[in-house]
Each structure stands twice: as structure tokens, then as C-alpha cells.
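Some features that TrEMBL has for this protein:
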- 152-171: compositional bias 'Low complexity' (COMPBIAS)
- 151-172: region 'Disordered' (REGION)
- 16-102: repeat 'Solcar' (REPEAT)
- 110-222: repeat 'Solcar' (REPEAT)
- 231-320: repeat 'Solcar' (REPEAT)
Amino acid sequence: MSTKDLSSVSPSSSRPSVTAKLINGGVAGLVGVTCVFPIDLAKTRLQNQHGKDIYKGMIDCLMKTARADGFLGMYRGAAVNLTLVTPEKAIKLAANDFFRQLLMEDGMQRNLKMEMLAGCGAGICQVVVTCPMEMLKIQLQDAGRLAAHRQGSASAPAPSSSRSYSTGSASTHKRPSATLIAWELLRTQGLAGLYKGLGATLLRDIPFSIIYFPLFANLNNLGFNESTGKASFAHSFVSGCVAGSVAAVTVTPLDVLKTRIQTLRKGLGEDSYSGITDCARKLWIQEGPSALMKGAGCRALVIAPLFGIAQGVYFIGIGERILKCFE
């Protein structure tokens, strides 16, 4: 019995086309983000706060956000994610499939080193979309924390050392929009402004993909059913959840650094960072090593269902079904 199908991210018995892979990745991203975005918002705010002066944890953050901004306040920044997550997830999953087939003799042999290399390629490809998407999303997600920080502080203006995406004083305390932030960054810093934190994003996403894709493939292989030629839907879903949560928690320190570096507006007394090394050094000295694991639980709760849903969508073959409707 060939293990060709099990060595691919897509557990379908027939190899899906590139178009189907892109549709599957996009649908998975849209469904997943809609389900877990409030937890991702809590993760960003917890990672950015110094100590526990505003939020004591994920539940406390979500409750305070709901009280201050209503239910929709927990989805602040979701529009950016929902717009760009389709190409981001589609590129990530399709690139991994492509590199696996390229490096592993059309997927016929299992090779951990090649699986990790394929994951590395997928991580590199996705940052083209991931970096600007998260750059914009983080500003929108963190706006509520900054508002709460201002209310709890005796002083108003942010330190002059911190950059702001808003150059006019009248707009300092207005609710930001993704369009405004993107325009200001492009106007003042060019395309490089949208790719601030690119190195940190690569440093997070490449190890994540190296861990996730081989781990999923091997976990999914444990549920191989000879009669159907693939693992069951439940097994693929659980495999995606487990692999996603393990990879997410493992790279949490890198995610914390990326979040801090990409946050443009700072609260009173909060540092700006010149790069990855500077951020890691200040974080370690001022907040201790435990600060590098801020939001680890949130990340696991976000990534696990996100990739579980992704594998479920691939299993069902939604992309293939949609394409058949147009034949």
C-alpha cells in the first residue's frame, strides 16, 4: 500500500489541483479566523502589556474588552485578517504540498529531513502576506489596551521615543483603521514600513512550519486506514490540533518578540526596540524570562483549532467540490 497520500498535507485520496489547494487553504483560514479571533486579540494585548497592570489573563482581557467595546470589540482587526488570511493560509498549505512533492520523490517516501525542509519553504513563502497582515492587525488589536492604559495612567502623551503611525495630533486618540495605518506607513516609510518586523516574522514562522508539517504528517499517518487509503476525518482534525498547539507553544518566545517589535504605538513607560536582539535583551532584563512565554496558552487555543479546521477542510475536499460545480 502506497503512503503517497499520507505524506502530503492533504489527506485526499486523489491529489488536488493547485487551484483546489488554494481554495481549501482560503476557506480554512476564513472559518478558523472567525472562530478564534477574540482569543488572538487577547494574546496580542497580553504580550504587549508590561506586567499584569491591565489584564490578569485571557478571560479577564476578553471580559474587559467586551465591557468596554461590546462583542464586536473583540473582533477589532478581524477585517484585515479575514481579507488577507485567504492568500496567507493558501500559500502556506499549498507551498508545503509543493515542496513535499518536489523534495520527496513525488511524496512516495517518508523523510523527516525533507519534510522539515518543505515546512521551511512554506514558512518563507507565507511571510510575503503574513508580515503586513500582522503589522496592521496588531495596531488595531492593541488600540483597546492603549486606551485602557491611558485611563489608568496619570499622564497622557506617549514618550517621544516611540513611533506612531499617526502624524497628526488630532488623530492621536482616534480609533485607528487599517487603511489609515497602511497609508501613513507607506507615505512615511515606504513599503518597508509594512514589512517592519520581517526578520522576527521569519524567525517565528520558519521554525513553526518546520515543527508543524512533519509532526502533522506523522501523527496523521498513525490513523491510516487501509480500506479507505487515508486517515479518518476525526483523526486528521485531532492531528492538526495537536501539531498546531505543539508548534505554537514552542515558538511563543519568537511571537512575543515579533509582537513587541511590530507594535508602533507604545503606552507610557513602554520601550521601543531597535531589533530582535534589543527586544529580547530588554524583555529579559525588565520583565524576566517568563515574559517570553506571554500568551502561550492563547496561541495554543488559536493555532490548534485553526490548523485542525485546515486539515478538516482538506479532508472534505471543499476546493475540489467547488471546482466541480463549475465544470
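Cβ atoms here come from the backbone N, Cα and C positions, even for glycine.
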* Asked: Do you know the DSSP helix, strand and coil residue counts for the repeat 'Solcar' (16-102)?
  -> 73 helix, 0 strand, 14 coil
* Asked: So how many of the residues in the repeat 'Solcar' (231-320) end up helix, strand or coil by DSSP?
  -> 70 helix, 1 strand, 19 coil
